[in-house]
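Encoded as structure tokens, here's the structure I'll be asking about.
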Amino acid sequence: MNVKPEEITSIIKSQIEKYEKKIETVDSGTIIQIGDGIARVYGLNGCMAGELLEFPNDVYAMALNLEQDNVGCVLLGSQEGIKEGNTVKRTGKVVEVPVGENIIGRVVNSLGHPIDGKGAISTTETRAVELVAPGVITRQAVKQPLQTGIKAIDAMIPIGRGQRELIIGDRQTGKTAIAMDTIINQKGKDVICIYVAIGQKQSTVAHIVNNLIETNAMDYTIVVSAAASESAPLQYIAPYAGCSMGEYFMNKGKDVLIVYDDLSKHAVAYRAMSLLLRRPPGREAYPGDVFYLHSRLLERAAKLSDKLGGGSLTALPIIETLAGDVTAYIPTNVISITDGQIFLETELFYSGQRPAINAGISVSRVGGNAQIKAMKQVAGTLRIDLAQYRELASFAQFGSDLDKESKRTLEKGKRLTEILKQPQYKPMAVEKQVMILFAASRNYIMDIPVERISEFEEEFLDYMDTHHREIGDEIKEKQVISDELSDKLRNAIEEFKKIFLIEG
């Protein structure tokens, strides 16, 4: 076989012509210490705060401490198989989560990966976990109601779209139950709900998801779960990830409700991370920026101006207190950040008052502007009536003789307290709330025995549905009780009472 030199020359020439020099520069560093989900890396000189770093075994980390000679970062995955001396690369990106319509109805972890066994989520858009809150000019006042379906809240502590309302109380007082009822009540109201579970037991999250599926609420809900078994960094970013998912819809002009359950565990996870990163501890061993941790999260809840689509993000953060102590560090921080709080009490819970809301110290600072006029008309005196009742009830314990007026106040208070009781997973439409509170506040239930109040309520609402549906429809449509409607409602109550008392 003859090989011509010219052929070899032409092949070499063509190879030289096609040769492309590819130089890829990667800013990399070396792990000098790793343990407890924290790594210290030497050599990442250009690293940004909050940047995503690539570790071996496809594990990523988030840079938090930028020190003179090393970078302190938290691992967003398992540290198994990673050791000192391994190489770490910069990605040049910050931590992002997938966002979009396809996440609705799914259960995801803090990084937006599905954990419900229903396969991958097909979405191309991502959004940074940490983003700056909307500015003053881009917002508008809270003026549209977000109905919870819970009589005590919608009447006395109304919540508006774009508000931050804290749910605070000891463990096992029904905090999550209020949040769940609020989510269930958004059915058909075109509100997207996000439930963020931070440091919860996996069995608890599974129970919540099952309830949402049974009540068909999962059709418009996203569940973000960072269970108690997850590492502190994943628990730390969970609420920010949920918030970014919600902001995507808010920026499209939609209304979003987000529940953070709960921020006490979130602060504990952040404290663990901070102490491992050797940041100086402050009060209750929390780091100095624990206020900023929650304020930058809750400030992202807003009602956007009409120019930006008028979308809203309403936040319901939950805080767990110890023995009712609201003066602890985290509770006082979050109370000062939010626009009001719903305070739940153990004593009320065990005395059968459920939801166990203490109306005396629960408040909504901006929700009053969002409350519908019909509710204002019937619930205006409710808080004062209950306050007078509580004051008299504690006085009456001593067995002193009471005058007629005081006895009447006590009797009315007992009935109002009974009316405000409500079973779980049974949120009530606002027009029904208005009708029953109209009967209660206008003294139409004074001759009904206390033990028959719940029976009266149920049968009265059934009666109104069957015989006077137009009254409920008018309240729903016009959101105000005119003199004419008031007379119709009075007559309907009188009619029903005759039947009820005869049957009784």
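A Cβ is built for glycine as well, from the same backbone N, Cα and C atoms used for every other residue.
Got these off Swiss-Prot a minute ago, pasting:
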type    : residues                                                       : note
BINDING : GLY169, ASP170, ARG171, GLN172, THR173, GLY174, LYS175, THR176 : ATP binding site
SITE    : SER362                                                         : site 'Required for activity'
When neighbour density is defined as the number of other C-beta atoms within 10 angstroms of a residue's C-beta, which of the binding-site residues ARG171, LYS175 has the lowest density?
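Taking ARG171, LYS175 as the binding-site residues, the minimal 10 Å Cβ count falls on ARG171.
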Distance check, please: Cα of ARG171 (ATP binding site) against Cα of SER362 (site 'Required for activity'), rounded to an integer number of angstrom.
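About 17 Å separates the two Cα atoms.
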State which of the following recorded positions has the fewest other Cβ atoms within 10 Å around its Cβ: GLN172, THR173, THR176, SER362.
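Counting other Cβ atoms within 10 Å of each of the recorded positions GLN172, THR173, THR176, SER362, the minimum falls on GLN172.
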When DSSP is mapped onto helix/strand/coil, what comes out for ASP170 (ATP binding site)?
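The three-state answer is coil.
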What is the set of residues, excluding GLY169, ASP170, ARG171, GLN172, THR173, GLY174, LYS175, THR176, whose C-beta falls within 8 angstroms of the centroid of the C-beta atoms at the ATP site?
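Output for this site, in sequence order: GLU320, LEU344, THR346, PHE349, ALA356.
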Which Cβ among the binding-site residues (GLY169, GLY174) has the fewest C-beta neighbours inside 10 Å?
GLY174
Whole-number answer please: how many Å between the C-alpha atoms of ASP170 (ATP binding site) and SER362 (site 'Required for activity')?
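That separation, Cα to Cα, works out to 15 Å.
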If you draw a 10 Å sphere on the Cβ of ASP170 (ATP binding site), how many other Cβ atoms land inside?
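Here the count is 18.
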